[in-house]
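These notes are about the structure you will find just below.
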Amino acid sequence: MGQTGILLLLLLAGLGLGVAWRPPKGKCPPRCSCSKDSALCEGSPDLPESFSPTLLSLSLVRTGVTQLKAGSFLRVPSLHLLLFTSSSFSVIEDDAFAGLSHLQYLFIEDNEIGSISKNALRGLRSLTHLSLANNHLEALPRFLFRGLETLTHVDLRGNPFQCDCRVLWLLQWMPTVNASVGTGACAGPAALAHMQLRHLDPKTFKCRAIELSWFQTVGESALGVETFSYQGEPHVILAQPFAGRCLILSWDYSLQRFRTQDELSAPSVVSCKPLVLGQRLFVLAARLWGGSQLWARPGPDLRLAPMQALAPRRLLRPNDAELLWLDGQPCFVVADASKAGSTTLLCRDGPGFYPRQSLHAWHRDTDAEALELDGRPHLLLASASQRPVLFHWSGGRFERRTDIPEAEDVYATRHFQAGGDVFLCLTRYIGDSMVMRWDGSMFRLLHQLPSRGAHVFQPLLIARDQLAILGSDFAFSQVFRLDPDKWLLEPVQELGPPALVAPRAFAHVTLAGKRFLFAACFKGPTQIYQHHELDLSA
């Protein structure tokens, strides 16, 4: 019997609850000693059932009980004290103490308990003293103490607690209660062995995880995916070259799935870039062989219709299109990968968009990325012939500022912001993809990630998580999350099943209280995943 239990028995004996051990006839089970208000049973093979319903104190020592099931003590509703010690049972089920609304002292000590259900203590609204000392408990279920508002003393010492995420709730609970809590020391993990639980800092625990699980498939392959909001509703647009269209999806609130809302004809399309100006929706459809067009929807009740051919002599083999705002006006930049064409800046002029500047001619640009550095618009162009080149907006045009050192063979670049800094994800099909950070004058290498066969390394901010997804043609696409303390991307999960087949772009959208990731694939259907947050301390 534990020291706490012995002291409480002596206390109750002093109150007249443990004296005069003369069993009432027919009311004391075998191997038990009974008085008017108390019973002490030792070596009983099971829970005795013939106690008086007015019993106030029950002590069970070295019983053969293997588990405490729901309603084990419904026959003794008047108990004030219950003690288990030196018994072999290992499990306490939900509602094991149901009906004991008057119980004040519960001591379950020196047993072999390795598991206790989260609702095991439900209904003990008068409980003041609880001891689970010297058992085999590695963790306690969250909300175990919910509803126990009268607790003043809790003893958890002598248990081999694993001080991982499973104890986080306990550390957060202890300062919120008006009770003395004895917790003992950690048994593991090795780095925390023998450390007192009360000395652990809850802020050091990282107990939140994410998971991207498959949600829906959109049949045709796609090279690009973008999201936009129109009339207060989120939309997704896919560039589907083999289907020859830009496909617009919206959320079906009845079916709880994405459905086709509209589409526009765009053979050999490589990018569908949306722009919303008030009631008007524009879509730039960048197409191969000089067929790029601007489509427009004048109002929400009208359909998209072709509005303008875009620079047919300059845009021969577009590979990417981006939207940016310059001097308060919307502009598109289209990266051209042909030898004869040139990357072109198209800005709004009257009803249409017209060439404002040709950039980087003859370099076969594969990607354009608009970003802001030092409070000014910048443009980063990646090409097959040289390192990425950074331009800055000055005097109504883009001027070359610098290139990015040690970044040959970069296929595409994407940027993100975190902690006030600007970072780049640089995609390399051969070699390692890279993460860089702007230091005020140059992008500097932070770390590299193996990426054979990658065409996309895309950062995305989903909820509180700064993610980056590395899509590969030869391996599973990998999801990384930025560690804000180390400024490094750490692996989270692989996407699939189903596996992505030649992914080319990722985008996310939040709607109806849910978060979704779209993965556009060149050699397979577009896959949609749902983002879930997981609490590892639960």
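Heads up, residue numbers simply count up from 1 along the chain you see.
Cβ atoms here come from the backbone N, Cα and C positions, even for glycine.
The domain 'LRRCT' feature in TrEMBL is assigned to 159-208.
Away from its own ends, the repeat 'EAR' (211-253) comes close to residues 259-276, 281, 283, 285, 295, 300, 479, 493, 495-498, 504-512, 516-532, 534 of its chain (Cβ-Cβ under 8 Å, at least six residues beyond either end). Feature annotation from TrEMBL assigns repeat 'EAR' to 211-253 (among others).
Per TrEMBL, repeat 'EAR' is recorded for 257-299 (among others). Look at the repeat 'EAR' (257-299): DSSP puts its residues at 0 helix, 31 strand, 12 coil.
According to TrEMBL, the feature repeat 'EAR' maps to 303-350 (among others). If you average pLDDT over the repeat 'EAR' (303-350) in this model, you get 93.
Annotated repeat 'EAR' per TrEMBL: 352-395 (among others), in sequence order. Tertiary neighbourhood of the repeat 'EAR' (352-395): same-chain residues 284, 294, 307-308, 310-311, 314, 319-326, 331-339, 342-346, 401-405, 407-408, 410-415, 422, 424, 426, 438, 440, 443, selected by CB-CB distance under 8 Å and a gap of 6+ residues from either end.
Look at TrEMBL and you will find 397-440 (among others) tagged as repeat 'EAR'.
Residues or ranges marked as repeat 'EAR' in TrEMBL: 442-484 (among others).
Per TrEMBL, repeat 'EAR' is recorded for 488-533 (among others).
As annotated by TrEMBL, signal peptide applies to 1-20.
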